[in-house]
């Protein structure tokens, strides 16, 4: 997961060592603002948000869903967000039931890209080898293209 957590103390003060005496120099401090953290994180394709005195950065990937009738929906998904949740936020209507990876209602098949679906328990190794994915427990690990509505193909 591409998340970086920085405590407020490490963001606001850095202590330098003197090269000649190897003693701590505590009278100098350097500030790193959340604003500059956001700017730098965007250059690496990360989103940054402030939270309780720190900053959190997540990678963001493009996910394209290909529906059974040829419709295409593309939206951004953070690497710590399930694809189904992001689809709903983007206004995409997908089938689901358990939201826990314990059934096959939300099944899709990966055309390209990688996901982490270690939270799921329903799919067998043979399904995973064929690229099947449960969108309710799948975190993107790259840009992805996924065919949706694949539950009937699992049986």
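Each position is counted from 1, following the chain as shown.
Quick reminder: no glycine exception, Cβ is built from N, Cα and C everywhere.
Of 14, 50, the one with N-acetylalanine in Swiss-Prot is 50, while the others lack that note in the record, though it may still apply to them. Binding of [2Fe-2S] cluster is attributed by Swiss-Prot to 98, 103, 106, and the same site annotation extends, among 136, 144, to 136.
By neighbour count, meaning other C-beta atoms within 10 Å, the densest spot among the binding-site residues 98, 103, 106 is 106. Counting residues of the domain '2Fe-2S ferredoxin-type' (61-152) by DSSP class, helix then strand then coil, yields 17 helix, 30 strand, 45 coil. Counting every protein chain shown, the Cβ of residue 136 ([2Fe-2S] cluster binding site) has 26 other Cβ atoms within 10 Å.
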